[in-house]
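Over in Swiss-Prot, the protein carries these features:
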{"type": "BINDING", "residues": "10, 11, 12, 13, 14, 15, 127, 135, 136, 198", "note": "ATP binding site"}
{"type": "BINDING", "residues": "31, 36, 57, 58, 59, 85, 86, 87, 88, 92, 159, 170", "note": "AMP binding site"}
{"type": "BINDING", "residues": "130, 132, 149, 152", "note": "Zn(2+) binding site"}
{"type": "REGION", "residues": "30-59", "note": "region 'NMP'"}
{"type": "REGION", "residues": "126-162", "note": "region 'LID'"}
């Protein structure tokens with residue numbers, strides 16, 4: 001069962017990916033994570049990527065796709081995988097399709113979590129963090145005492161990129177980047193869009209109902 005997971009910031013994509021990993025026993029593959037792992041381990045492609053990263057440049061698609069191909073060939077991807085954060089552009093989607101054909105692991109389904117902007121802005125701009133790693137939400141999960149962490153007693157704060165204006169900018173970028181991919185996979189007949197406004201467990205049940213066809 002080979003899956004691509006799309007969803008804007010705040011849609012709960014990370015939460016659902018983790019639940020899918022636990023339930024199906026297939027790995028979540030985040031391009032950021034495997035890129036950092038290759039750099040850390042000093043692989044040939046990792047060193048090539050590092051040369052660009054050190055200059056503050058984007059890692060070229062051909063380097064990134066090589067790293068992804070190697071990861072998808074590992075034993076834990078035998079029964080499937082969840083691609084998270086890739087592809088980001090139509091050329092990347094074409095390159096991905098080419099390597100998946102080569103290793104005979106085509107994508108079964110592209111899952112797209114859809115949540116209205118106003119809900120996402122509310123979810124993200126209400127987030128509060130603590131330096132100890134605890135997280136809260138002004139409405140759904142506030143600390144017991146205003147601005148004080150329940151766990152360590154430290155001051156909770158809002159991240160600079162979690163303000164309503166910053167969140168809307170991130171959503172605009174996401175839509176501009178992702179819409180062509182939504183159209184790309186819709187044309188291929190493998191896109192399924194889900195309502196991400198429901199409760200976490202309800203969304204997960206919806207996901208499982210869709211994936212039952214491929215398990």
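Glycine too: its Cβ is placed from the backbone N, Cα and C atoms.
Swiss-Prot feature annotations superimposed on the structure.
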residue	record	DSSP class
14	ATP binding site	helix
57	AMP binding site	coil
88	AMP binding site	coil
127	ATP binding site	strand
132	Zn(2+) binding site	coil
149	Zn(2+) binding site	coil
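In this structure, the CA atom of residue 159 (AMP binding site) is 15 Å away from the CA atom of residue 149 (Zn(2+) binding site). Within 8 A of the CB centroid of the Zn(2+) site residues 130, 132, 149, 152, the other residues of that chain are 131, 133, 134, 150, 151, 153, 154, 156.
Distance noted between the C-alpha atoms of residue 149 (Zn(2+) binding site) and residue 127 (ATP binding site) is 13 Å. Most Cβ neighbours within 10 Å, among the binding-site residues 132, 149, 152: 149 holds that distinction in the structure as shown. Highest Cβ count within 10 Å among the binding-site residues 88, 127: 127. Taken together, the residues in the region 'LID' (126-162) have a mean pLDDT of 95 on the 0 to 100 scale. Contacts of residue 130 (Zn(2+) binding site) defined by a Cβ separation under 8 A and a same-chain sequence distance of 6+ are given as 136, 149, 151, 152, 154, 155, 156, 157, in order along the sequence. Within its own chain, residue 14 (ATP binding site) has 84 as residues 6 or more apart in sequence whose C-beta sits under 8 angstroms from its own.
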